[in-house]
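Here the structure comes first, spelled out in structure tokens, and everything after it is commentary.
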């Protein structure tokens, strides 16, 4: 009877052709600290530009159609501050999600010398990606757009032109949250402005002509409703993924769980940082993810 090995082979293991030094070039020297990460993908760049354009369009309508023409100065100042603060945090989160290395595995380190340096014991295996010639840590997956293996890759999002992974998931969650909040805020203001225009003379409720005002408000309403639904679903999906400590790819592939199960609170702290603070809501605070080894090669 044929015995099934107790360990699971994924892309590689100990196959002679994969361990030849000439098959994998030595890994490149790491760039200087703070080097910006940016994916040169036409679709992703276009989606990122559209995202900024839509936020700036909402900013234009809120300020120049609804708030500045209003005679209620307290209403205009309070809503202007709130909306601009949320928009600023949303765009800052978008930049951090887009320009932060999501957790790329060093490229080209699957050399014979490096594998031998791991000093594998009998029964231990390492996974290799034949596409980028990297030794894959546990829970890493290859992204065909980024052309790299990404640690704890959840998915590749064209709207941030980047993968959502171990190092930038916090910023992606904040981006979806702040976009949902400014969308809700914009919808509420559009509703109040329509009521105000119906009660007052349409020529006095905006500095634009009535037809132009209606078109601008309807477009903003449609945009805000669409983004509110989309980002709310994405936010809920991401929070659920964090709490269960299971990425979107792992859920789709129904991969066998080989990592330790932790509480929901510990999983949240692993993404947003230790300990809990207002920095969780800030795209400028880099999370301290503790002392976990990000390169767990051997399983």
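One is the number of the first residue shown, and numbering goes on along the chain from there.
Yeah, the Cβs are placed from backbone N, Cα and C, and that goes for glycine too.
Small disclaimer: the values here were computed from a predicted structure and weren't measured.
Membrane sidedness, as given by the topological domains in Swiss-Prot, is identical for residue 147 and residue 266. In Swiss-Prot, the annotation transmembrane segment applies to 172-192, one of the ranges 172-192, 193-213, 256-276. Checking the ranges 27-47, 48-68, 111-131 against Swiss-Prot, the transmembrane segment annotation falls on 48-68. For the topological domain 'Lumenal' (193-214), the residues of the chain that approach it from at least six positions outside its boundaries are 64-66, 68-69, judged by C-beta separation under 8 angstroms.
Using DSSP to sort the residues of the topological domain 'Lumenal' (69-72) gives these counts of helix, strand and coil: 0 helix, 0 strand, 4 coil. Cα-Cα distance from residue 157 (active site, S-palmitoyl cysteine intermediate) to residue 146 (S-palmitoyl cysteine): 11 Å (rounded to the nearest whole number). Annotation for residue 146 (S-palmitoyl cysteine): spatial neighbours 39, 102, 104, 156, 162, 163, criterion Cβ-Cβ under 8 Å with sequence separation of six or more.
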